Structures are given as structure tokens and as C-alpha cells.
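Quick look at what Swiss-Prot lists:
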- 1-30: signal peptide (SIGNAL)
- Tyr38: sulfotyrosine (MOD_RES)
- Ser47: phosphoserine (MOD_RES)
- 77-149: domain 'Inhibitor I9' (DOMAIN)
- 155-461: domain 'Peptidase S8' (DOMAIN)
- Asp186: active site, charge relay system (ACT_SITE)
- Cys223-Cys255: disulfide bond (DISULFID)
- His226: active site, charge relay system (ACT_SITE)
- Cys323-Cys358: disulfide bond (DISULFID)
- Ser386: active site, charge relay system (ACT_SITE)
- Cys457-Cys527: disulfide bond (DISULFID)
- Cys477-Cys526: disulfide bond (DISULFID)
- Cys486-Cys509: disulfide bond (DISULFID)
- Cys534-Cys601: disulfide bond (DISULFID)
- Cys552-Cys600: disulfide bond (DISULFID)
- Cys562-Cys588: disulfide bond (DISULFID)
- Cys608-Cys679: disulfide bond (DISULFID)
- Cys626-Cys678: disulfide bond (DISULFID)
- Cys635-Cys654: disulfide bond (DISULFID)
- Ser688: phosphoserine (MOD_RES)
Amino acid sequence: MGTVSSRRSWWPLPLLLLLLLLLGPAGARAQEDEDGDYEELVLALRSEEDGLAEAPEHGTTATFHRCAKDPWRLPGTYVVVLKEETHLSQSERTARRLQAQAAHRGYLTKILHVFHGLLPGFLVKMSGDLLELALKLPHVDYIEEDSSVFAQSIPWNLERITPPRYRADEYQPPDGGSLVEVYLLDTSIQSDHREIEGRVMVTDFENVPEEDGTRFHRQASKCDSHGTHLAGVVSGRDAGVAKGASMRSLRVLNCQGKGTVSGTLIGLEFIRKSQLVRPVGPLVVLLPLAGGYSRVLNAACQRLARAGVVLVTAAGNFRDDACLYSPASAPEVITVGATNAQDQPVTLGTLGTNFGRCVDLFAPGEDIIGASSDCSTCFVSQSGTSQAAAHVAGIAAMMLSAEPELTLAELRQRLIHFSAKDVINEAWFPEDQRVLTPNLVAALPPSTHGAGWQLFCRTVWSAHSGPTRMATAVARCAPDEELLSCSSFSRSGKRRGERMEAQGGKLVCRAHNAFGGEGVYAIARCCLLPQANCSVHTAPPAEAGMGTRVHCHQQGHVLTGCSSHWEVEDLGTHKPPVLRPRGQPNQCVGHREASIHASCCRAPGLECKVKEHGIPAPQEQVTVACEEGWTLTGCSALPGTSHVLGAYAVDNTCVVRNRDVSTAGSTSEEAVAAVAICCRSRHLAQASQELQ
């Protein structure tokens with residue numbers, strides 16, 4: 001599973017020089033022919049190494065990363081990532097310095113690629129013995145061992161993603177995506193297939209590893225199978241989603257559907273350079289592949305996304321947490337799981353679609369009919385999260401064609417908003433993943449008109465914190481989103497609340513674990529609120545009285561969310577963030593030993609109200625939803641006892657979870673209510689009605 005077909009030993013320099021002398025010119029030429037891909041191996045003198053010497057950077061420690069799945073590792077090839085502001089000349093000089101110092105120690109190295117334009121760094125082939133040396137070089141941020149990535153594939157689908165008003169005898173989308181270009185990083189493609197002929201441009205980019213096995217026979221139909229099928233799903237004449245979109249293909253997977261992290265990185269860099277040289281309209285990049293978690297691949301996706309490119313990727317076919325794989329775990333990427341014709345998670349033998357908090361939504365991914373590379377008119381059925389991602393890439397192309405100025409955050413929010421809700425049987429997922437996995441199946445919006453006038457929000461879960469008392473978890477919104485509220489959740493119920501705090505110029509949601517707890521999640525409510533001015537007001541624990549209170553005191557600001565955290569382990573029957581609209585402006589009220597935080601925002605025409613749903617006796621779950629035209633921005637529990645596991649938003653519904661009431665020993669005095677803050681913009685709603 002390496003990037004070259006065989007492994008080579010690393011010879012000590014004195015022995016290598018002796019062999020070269022013994023072999024003579026003929027032997028040297030033969031060796032040179034055999035090792036043609038080693039033409040840049042460096043034998044440097046000590047004086048050259050000294051000439052490249054630079055003062056080491058103090059106070060910084062570079063780190064080493066490798067794939068957690070051993071069979072996927074590619075030892076001997078490493079991506080050296082340099083600090084963000086490193087110039088190309090410094091990257092090249094750092095690479096030469098590594099070669100010189102390695103040669104002085106008797107090791108041969110080869111610089112395979114120098115990155116620039118997307119991220120600074122270089123790809124090097126070297127012995128693992130040199131890692132300690134490389135980590136100490138100037139400008140080095142971290143080093144990642146290369147690893148493998150894999151294709152993720154094993155006509156109801158078009159009907160499923162089409163809103164009822166558009167359904168007829170055949171699929172006729174409202175916009176074909178003609179203004180959008182889709183880049184596909186996959187295998188090679190049979191570009192003369194009738195489905196995609198004239199719609200796909202095969203670029204000259206190719207970066208793939210050798211196929212495994214000396215007897216592997218490269219049949220064109222197999223080499224082109226995965227890429228041809230996906231190109232047809234995205235923009236095929238008959239079976240495509242975005243029939244008007246144009247495509248460009250880059251080959252990063254070999255005939256066995258295998259590629260490398262480094263090859264994918266170089267492909268993304270190629271796209272960024274093409275974008276700079278030939279600026280066009282909206283770009284969508286489809287990554288129908290998955291490998292182990294990769295910090296460098298996620299970083300490259302982040303850079304490309306912040307340059308205005310929409311990236312869509314497969315969640316993976318391993319029936320596992322998608323956060324353990326890349327690029328599925330990158331927050332800036334739209335990650336897609338797979339469902340079947342009954343809107344249930346796809347099962348692929350003993351495996352199936354990935355799931356979890358890193359998945360944004362699901363899409364059709366079982367028995368998808370598309371172009372076959374067997375002949376220019378053949379069709380074939382394939383399954384997997386690659387096919388699901390291709391559907392979302394097609395939907396994204398049509399949405400961007402209708403609204404070319406959409407940002408990634410706006411596009412993601414629309415994909416979530418217009419998805420089919422609560423149609424997936426969650427029992428298929430592991431119990432600890434059900435609350436984290438979105439119950440959403442992608443669909444086209446019924447109309448783009450008026451969509452921009454809605455208040456869009458989504459729920460973002462953090463990673464699970466550690467079990468120690470001081471452990472915390474942090475949930476973050478995208479750069480273009482506003483954090484309007486913060487909540488927390490613990491399966492054991494042992495937590496110390498949550499708070500909103502500034503970090504790197506942005507508000508984040510931080511949740512606190514408690515002593516004896518098993519860990520906690522932070523849950524952020526992230527919204528698109530143009531021209532918003534938001535802040536957090538905090539009231540420390542009250543010195544006297546029955547509770548702590550805080551409200552929005554700035555003129556024109558409204559309350560969008562409450563949060564609370566405390567240092568004591570057990571507040572007993574306490575009141576964490578609740579709303580008291582009676583007689584006073586909406587305010588957050590909590591236990592006197594807790595700090596209370598109010599999220600207050602001002603935006604054109606923004607108005608918010610409180611909805612509460614209580615029950616006379618405790619239940620395992622209490623919910624309250626916002627009405628049509630209103631959007632849930634805040635979710636909390638009232639009064640909240642030690643039996644409350646937490647509160648979180650699911651679409652437009654506030655959910656409060658309690659411990660199992662049959663074993664928790666609850667009483668009627670500990671009844672729980674779910675409290676929702678529902679907001680809308682009067683200004684935007686009026687503008688929407690005028691358009692309609």
C-alpha cells in the first residue's frame with residue numbers, strides 16, 4: 001500500500017560510495033536505470049550543511065502524526081508542513097537543509113513535491129530514522145506520515161431529492177447548475193460515454209500509487225469505473241442530478257480505487273492554482289474518498305474552503321464514526337452519509353455508511369444507476385457514500401447556479417434547512433451516536449425565491465470531553481455564522497454547565513465536566529444573522545438572594561440564548577438558565593451559586609419570544625418547537641434538576657433529556673420543562689412576503 005511499488009533499504013554513506021567505486025561506470029548506469037525515480041537523491045558535504053545553517057526557533061515544538069489504522073500507513077513518505085507565513089523560498093531552503101543534514105548522517109532523501117499556493121511545506125521520501133532531525137528544522141509546524149485513501153463505492157434517487165411540486169414523469173430540476181464547475185478527484189474517466197460526453201474535461205493531473213500485486217491487469221473498464229459512474233451521477237444527461245454542470249476530473253485514485261493523502265493534497269493544490277490562474281464562477285470539489293484521520297488533509301481542505309471553494313466528501317463506508325476519517329472530519333467540508341430508497345442507512349455487507357457529529361446530512365447511496373465504463377452506452381448500479389456525496393455535489397451546483405454569491409456557510413445552512421427531517425430510523429446507529437447523527441436526507445429547495453429572507457440555524461456538537469473533573473469540550477461555529485446560544489449534554493448527568501466565551505476573535509461554546517462524570521458535550525446553535533451585533537452578558541454567582549439574574553440591557557438587543565456554569569459539584573434542585581418574561585425584559589435566571597450568561601443580539605428587525613412546555617411528572621424527554629416562520633435559537637431546561645442530562649436543539653425543536661425516570665428516583669416536585677427561544681426578522685419576513 002505504498003506510493004512506490006517496492007521498498008528500498010537506506011545504505012550508510014561510506015558503504016554506498018564503496019559500492020559505486022566497485023561497480024564502475026557500467027554498473028552505475030545500470031543502477032541509475034533501475035532507480036530512475038531516485039534521480040534527485042542528495043549526497044551533501046558537511047560544508048554545504050554548515051552553509052545552510054539557520055538559528056533554531058526557540059519555544060516551538062513540532063509534532064508528528066500518523067494514521068491510526070496501521071494497514072493504511074505508508075512509512076517512508078512524509079508531508080512536512082511549515083508554519084503558515086513561510087514563503088516558498090524558505091520551504092525550498094528547509095527541504096535542502098533536511099537533505100544536507102540527512103546525507104551527513106549517511107541517509108539518502110528525495111523531495112517529491114514542494115507545496116505552495118495552498119499550504120507551505122514539502123513531500124519527502126526518507127527513512128523514519130530522520131524524523132527527529134526533521135522535527136527540529138526551522139519553520140516546521142508538524143510532520144505527517146503519508147497514508148492511503150480509498151474510493152467509497154461498493155433511479156429512485158432522483159425522485160427522492162426532488163420536492164413534490166417538481167415531480168412528474170421525469171426528473172426536471174429547477175436549475176441545471178450551468179454556472180458551476182465541479183472538480184472530481186477520483187479514478188480516470190471514460191469521457192466519451194454518452195452520459196457525460198462534452199460535459200467532463202479530463203485534466204492532465206495524475207498522482208496515484210502503483211497497484212498492489214505484480215499480476216494486476218489494468219483493464220480500462222475497471223480503471224475508469226468509479227470516476228465515470230460518479231461523473232454521471234453529478235451531471236449525466238439521463239441519470240445526473242445537475243444536468244447543466246460542467247466537470248473537470250483529476251486522477252488521484254488508481255485502478256484499484258486507492259490513492260494517498262499526499263496525492264490528494266497535490267490535487268487540491270492543483271485546483272487552487274487553477275482557480276488563481278483562471279477565475280471562474282462558483283466551484284464545487286467532490287472528494288468521493290476516505291482515509292484515516294489526517295491533520296494535513298483537513299488543513300488543506302480548510303484553506304481551499306476559505307478561498308471560496310465548496311468541498312463535498314463521502315462520510316466513509318466503514319459503519320464507524322466519520323470523525324475518525326479524513327476528509328470527512330474537516331469542519332469546512334460538507335460530509336455526506338448514505339441512505340437507501342426507504343431513507344434508511346445503507347448497509348454494505350458487514351459495514352455501511354459512517355455516522356456521527358461530523359456528518360452534515362445523508363443522501364441516496366444504494367443501487368444508484370449511473371454511467372458504466374464497460375461501454376459508451378452502458379449503465380451500472382453502484383452503492384456507497386461516494387454516490388451520496390455526488391448527489392449533494394449536484395444539488396450544491398444547482399443552488400450555487402441559482403445564487404452564485406452564496407457562501408459555504410449559507411449553502412450548508414440551506415442544504416440542512418431544505419432536507420427531509422426525521423425520516424431515518426435511528427436504531428441502526430450505535431446508541432451513543434444517535435443524538436449526534438443528523439436525521440436529514442438531502443433534497444432540492446422547492447424554490448430559491450425567498451430563501452435568503454429566512455433565519456437559518458444549525459446545531460453543532462463538540463467532540464466528547466475527557467472524564468476528568470476539569471475536562472471541557474468546545475463547539476465552534478463557522479466564520480460566517482453567529483453563535484446565538486450554548487448548551488451542554490452528559491449521558492451521566494454529571495456536568496457543571498456551559499458558557500459562551502471569546503476565543504480567537506469569535507465566540508465559542510464551552511461545556512464543563514463534573515467530578516465522577518463520564519465526559520460532556522458542548523452544543524452550539526450557529527445561525528446566519530446578517531448585520532448582527534452580538535455580545536454576552538454575565539452575572540457572577542449571587543452573594544445573597546435566591547438566584548442569579550442577567551438580561552440584555554443594551555437598547556435594541558434581544559435575548560437569543562442563556563447558559564450557566566457552576567463550580568460546586570451538585571446544586572441540588574437548581575435553576576440553570578431559564579427565562580422570566582413576566583413583568584421584566586426576558587432574562588436568564590439561575591442558581592445563586594452559578595454564573596449566568598445571556599446571549600444578546602441586535603440585527604435589523606430581529607425579534608424573539610419564549611416558548612415553554614412543561615409536564616407534571618418527569619419523563620425521559622421533553623420537547624417544545626417553534627412555530628412556522630420562527631427559528632429556534634436557544635434551548636434550556638426549567639427548572640432543571642440533577643437528573644437533567646442536558647438540552648439541545650434538533651432542527652426547530654428544543655429537546656431536554658432526563659435520566660431514566662424508573663431508576664432516577666424523581667418526584668413530581670422535580671418536573672421538567674423545555675424552554676425555547678424562537679426568533680425571526682420582521683424586516684426580512686416583510687421583504688419575503690413582498691417578493692411572493
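Just so it is clear, glycine is given a Cβ too, placed from its N, Cα and C backbone atoms.
Predicted, not measured: the structure shown is a model, and the values here were computed from it.
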Neighbour count first, Cβ atoms within 10 Å, every protein chain included; then name which of Cys223, Cys486, Cys678, Cys679 tops the list of disulfide-bonded residues. Cys486
Nearest-integer angstrom distance between the alpha carbons (Cα) of Cys509 (disulfide bond) and Ser386 (active site, charge relay system): 32
Going by DSSP assignments with H, G and I as helix and E and B as strand, what are the residue counts for the domain 'Inhibitor I9' (77-149)? 25 helix, 27 strand, 21 coil
The correct three-state DSSP answer for Cys626 (disulfide bond) is coil
Using DSSP and collapsing to three states, where does Cys477 (disulfide bond) fall: helix, strand or coil? coil
So of all those active-site residues, Asp186, His226, Ser386, which one's Cα sits nearest to Cys678 (disulfide bond)? Ser386
By CA-CA distance, flag whichever of Asp186, His226, Ser386 among the active-site residues is nearest to Cys323 (disulfide bond). Ser386
Hey, how far is Asp186 (active site, charge relay system) from Cys358 (disulfide bond), Cα to Cα, in Å? 22
Candidates His226, Cys534, Cys679, namely the recorded positions, that fall within 10 Å of Cys255 (disulfide bond) by Cα distance: His226
Quick check: in three-state DSSP terms, what is Ser386 (active site, charge relay system)? helix
If you compare CA-to-CA distances from Cys486 (disulfide bond) to each of the disulfide-bonded residues Cys223, Cys457, Cys477, Cys562, Cys600, which comes out shortest? Cys562
Whole-Å Cα distance, Cys562 (disulfide bond) to Cys635 (disulfide bond), is 8
When DSSP is mapped onto helix/strand/coil, what comes out for Cys678 (disulfide bond)? strand
